[in-house]
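Trainee: Feature annotation from TrEMBL assigns domain 'Prepilin peptidase A24 N-terminal' to 38-121. Marked as domain 'Prepilin type IV endopeptidase peptidase' by TrEMBL: 143-252. What TrEMBL lists as transmembrane segment is 31-52, 99-122, 134-152, 164-184, 190-209, 216-233, 239-258.
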Amino acid sequence: MLEPLLTLQGPEALELVETNPVLVKALMAPWAPWLAFLFGTLWGSFANVAIWRLPRGLSVVRPGSACPACETPIAWYDNIPVLSYLLLRGRCRRCGEPFALRYLVVELLGGVLSFTLYLQFVLRPMVQGGPPGLVEWLLWFCFGLGLLIATYTDLDLWLIPDEVVLPIAGLGLVVAAVSPATLGVGVVEAALAAACGYLLIAGLRWVYLRYRGIEALGLGDGKLLCMIGAFGGARGLMWTLAAGAIQGLLVAVPMLLLGRRVANTALAEVHGDDPELGEEDPDAGVMGARVPFGPFLALAAFEYMFLREHIEALWAALVSP
């Protein structure tokens with residue numbers, strides 16, 4: 001499927017859409033998706049900064065990146081996404097201390113996300129005779145990057161930064177109000193889905209606290225669902241809740257059967273001595289297993305983003321008489 005998308009260009013492309021011929025040739029050039037990949041790795045590098053700094057209350061702008069071991073500032077030529085990590089074999093140029101493999105993985109995921117969305121929203125519509133969805137590509141990339149950051153901060157620290165999910169949720173609501181066709185959801189549906197996602201988690205959290213005295217769910221999960229609802233509407237929210245819960249159970253049940261819990265050793269670093277935030281609740285997580293729920297919600301949201309047509313077709317088949 002990718003071969004015709006990546007090779008179609010020149011006069012053939014000009015017949016597909018009524019737009020700027022120079023723009024068409026550029027967007028459908030074989031190198032264009034790879035430029036989108038590079039664009040994604042740059043933002044993947046930024047995601048690494050956000051994952052580390054935001055939960056710790058640090059600025060994502062200043063100071064510049066430095067080695068965690070020797071605190072030597074990292075020069076720009078040692079901070080090129082993916083390439084620098086590979087050339088330095090994942091180590092600091094000065095002290096030789098290894099960097100976490102995650103830095104490379106997140107940068108690559110950012111690139112793959114941008115590349116795939118470019119194929120989906122820019123090249124595919126042009127091949128099918130429509131205009132390129134550049135705005136859709138950028139909006140969904142922003143959404144996906146937010147999911148990526150939320151996943152890693154939740155895995156590390158059981159935190160989902162408000163600074164990430166709330167602005168993106170607001171962006172989704174603004175787009176739904178100004179141009180409903182862009183995200184495929186109207187502002188009323190987007191607002192209701194966002195509110196329902198948050199209130200559902202807040203309600204479940206209150207019930208657990210009231211009747212069992214435990215914090216089984218965090219409000220960060222509700223804010224993440226708020227972001228997902230703003231972009232995906234009611235169907236996106238329902239898919240995320242259902243698929244996220246099922247996938248969470250598929251991981252939690254084997255862990256419980258094996259008697260394993262994923263300890264969160266970084267909680268004290270961020271939360272300090274706060275008795276509510278710095279200690280681990282043995283009943284928190286998915287079915288009491290020490291697994292955060294956010295990554296499963298994010299995974300389900302990714303599935304909806306990339307498989308939306310198939311999921312909505314399945315939904316239509318289920319609800320039709």
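Each residue, glycine too, has its Cβ placed from N, Cα and C.
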Trainee: Go through the chain and flag residues at least 6 beyond the ends of the transmembrane segment (190-209) whose CB is under 8 A from any CB in it; none is fine as an answer.
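Mentor: Counting only partners 6 or more residues beyond its ends, the transmembrane segment (190-209) has Cβ contacts under 8 Å with 169, 172-173, 176, 183, 215-219, 221-234, 236-237, 241.
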Trainee: Who are the long-range neighbours of the transmembrane segment (164-184) in its own chain, taking Cβ under 8 Å and residues 6 or more past its ends?
Mentor: 50, 54, 135-136, 139, 142-143, 146, 149-150, 190-191, 194, 220, 223-224, 226-227, 229-231, 233, 308
Trainee: Quick test of the contact rule: Cβ under 8 Å, at least six residues beyond the ends. What residues does that give for the transmembrane segment (31-52)?
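Mentor: Non-local partners: 5-6, 58, 60, 65, 79, 81-82, 102-103, 106-115, 117-119, 122-123, 137, 141, 145, 148-149, 152-153, 156, 161, 164.
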Trainee: Six or more residues out from either end of the transmembrane segment (216-233), which same-chain residues have a Cβ under 8 Å from its Cβ atoms?
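Mentor: Residues packing against the transmembrane segment (216-233) from afar: 139-140, 143, 146, 150, 154, 158-160, 162, 165-166, 168-173, 176, 183-186, 189-202, 204-205, 208, 239-241, 281, 283-285, 293-294, 297-298, 301, 304-305, 308.
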Trainee: Need one number: mean pLDDT over the domain 'Prepilin peptidase A24 N-terminal' (38-121).
Mentor: 90
